[in-house]
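The structure under discussion appears below in the form of structure tokens.
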Amino acid sequence: MKTLLVLRISTVILVVLVIQKSYADILECDYFDTVDISAAQKLQNGSYLFEGLLVPAILTGEYDFRILPDDSKQKVARHIRGCVCKLKPCVRFCCPHDHIMDNGVCYDNMSDEELAELDPFLNVTLDDGSVSRRHFKNELIVQWDLPMPCDGMFYLDNREEQDKYTLFENGTFFRHFDRVTLRKREYCLQHLTFADGNATSIRIAPHNCLIVPSITGQTVVMISSLICMVLTIAVYLFVKKLQNLHGKCFICYMVCLFMGYLFLLLDLWQISISFCKPAGFLGYFFVMAAFFWLSVISLHLWNTFRGSSHKANRFLFEHRFLAYNTYAWGMAVVLTGITVLADNIVENQDWNPRVGHEGHCWIYTQAWSAMLYFYGPMVFLIAFNITMFILTAKRILGVKKDIQNFAHRQERKQKLNSDKQTYTFFLRLFIIMGLSWSLEIGSYFSQSNQTWANVFLVADYLNWSQGIIIFILFVLKRSTWRLLQESIRGEGEEVNNSEEEISLENTTTRNVLL
């Protein structure tokens, strides 16, 4: 009985060892940092001598699979791999080092003339930030047996400004035109023939696959957001009591936001590609108009509590909405006109907005020009809104103090509380919108850092869901819901102009106290 038990335990141990040997991943070594060293000389201590490099036994393993770019495993013949990239910098090739690539296909046995014509040097950015020019074969380990990144690849010609790239010592690859960092499984290098006028040259060129992010999440959020915007606009148009000056400005803001996001969605679905530039400029116009309407709201709130002479205030109230329209739409037209002009006459790519560039029907947000034409005005308007809301808050405190020292304070206190609620809701709107766009600006500055770019992805989702947030804040609140029910029953059709009243009351209060 004891002998049988020992035999069973031995069998289990043997099976475990066999399985472990079959899938002998090298400890703390990425598969894409290994090479096949089966043909290398094996020494008595278990280490291998590979291309003049001593690979210790602890950095070797027997594999009967290979890992594909999607992390799945493919069964292959058993072979020995070594984690040589921990010992010496590696360069990831698509095919063996003496092959040349043409239209994504590797061709073997380069001729002596082609080998003589080949430029064998690569610029490698070291860990300390310096750039070293290295011979691909003599100073680096060539990894050529890794699976191809994808079926269809495109190459980069670093003679072109838009095709610049950076190859790092640890094997990562940074593509400049879309500021994307690629791992070894997502790109490879190979010799390629380039035309140089009437002559040709052979150089090492990177071949990689575009990282196409899933648009499902963005699509769902943006469609939901657009639906909520339509519902919000409909409620404010249906309920007469909401159509005071605040409400009219808010409706204009929502219309601009809806149109801006609609053009973003059309760009996301590539629907606007047939009228790309006009779609890009129209989308830009409505987004900037939305920002100007948000500044109108903050300015109007401040003016509501500021107070002025009775006649002047009455005159301004009757014509203020026209003035606000002239300002918001006019400034958006001016900025859009400047952007259109710059897009057509500015030759320097760093100063050109490049609307419709790289297949996106929007202003090009990967370059410094985006700060000049898009994020710069955005920062200025956010700063203006912050200033207005702070000044309004100070004025509310001042009016509250005045009311405490004035007769009939209960009636005026009710009006103040009503406008304080209006201020609070619009302040909440600005905080949500200002925060989301501020994070968007942070996302713009962090594009070169993939880690921070992933963090700021939260800002993108917050931005895309603005319509949902506004619907919750402005329509699903109890007071709006009550007004909607009254309007459905045909009650209370009078427009609420309390913002004018509080301004006039505050002015009278101030004059009496003086």
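Glycine is no exception: its Cβ is also placed from the backbone N, Cα and C atoms.
Per Swiss-Prot, the residue annotated N-linked glycosylation site among ASN198, ASN496, ASN506 is ASN198. CYS188 is paired in Swiss-Prot with CYS94, the candidate among CYS85, CYS90, CYS94 named as its disulfide partner. Membrane topology of LYS277 relative to ARG482, as recorded in Swiss-Prot: opposite sides. Secondary structure at CYS150 (disulfide bond), taken from DSSP and collapsed to helix, strand or coil, is coil. Simply put, out of 219-239, 279-299, 321-341, 371-391, 219-239 has the most Cβ pairs sitting under 8 Å from the transmembrane segment (455-475).
The listed stretches are 219-239, 321-341, 371-391; of these, 321-341 has the most Cβ pairs under 8 Å to the transmembrane segment (279-299). A simple Cβ count within 10 Å picks out one of the disulfide-bonded residues CYS94, CYS209 as the most packed, and that one is CYS94.
Counting residues per DSSP class in helix, strand and coil order gives 8 helix, 0 strand, 1 coil for the topological domain 'Extracellular' (270-278). When secondary structure is read from DSSP and collapsed to three states, CYS85 (disulfide bond) falls in the helix class. Counting in whole angstrom, CYS94 (disulfide bond) lies 21 from CYS29 (disulfide bond) by their C-alpha atoms. Sequence-distant contacts (6 or more apart, same chain, Cβ under 8 Å) of CYS85 (disulfide bond) comprise ASP33, THR34, ILE141, GLN143, GLY171.
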